[in-house]
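Listed in Swiss-Prot:
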BINDING   Cys9, Cys12, Cys28, Cys32  Zn(2+) binding site
COMPBIAS  54-64  compositional bias 'Acidic residues'
REGION    45-64  region 'Disordered'
Amino acid sequence: MSETITVNCPTCGKTVVWGEVSPFRPFCSKRCQLIDLGEWAAEEKRIPSSGDLSESDDWSEEQK
């Protein structure tokens, strides 16, 4: 007994079967996958942060 898992495409909301029949999962198509990638590249999407500076923020490629 195998239960079919479905998810919604994050870009368009279309139902997508989670399995080998959907090579672009969780996206429904290559188009939706590229739209999402473009949103990340344009910084329309980002992972939230606390905004606190860490030690690495003070690093510079220039040596003092």
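Backbone N, Cα and C define each Cβ position, glycine as well.
Worth saying up front: this structure is predicted, and the values here are computed from it rather than measured.
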Neighbourhood of the Zn(2+) site (Cys9, Cys12, Cys28, Cys32): other residues with Cβ within 8 Å of the Cβ centroid, in order?
Pro10, Thr11, Gly13, Lys14, Val16, Phe27, Ser29, Arg31
Simplified to three states, DSSP reports Cys12 (Zn(2+) binding site) as coil
Within a 10 Å radius of its Cβ, which of these binding-site residues (Cys9, Cys12, Cys32) has the fewest neighbouring Cβ atoms?
Cys12
What number of additional C-beta atoms lies within 10 angstroms of the C-beta atom of Cys28 (Zn(2+) binding site)?
21
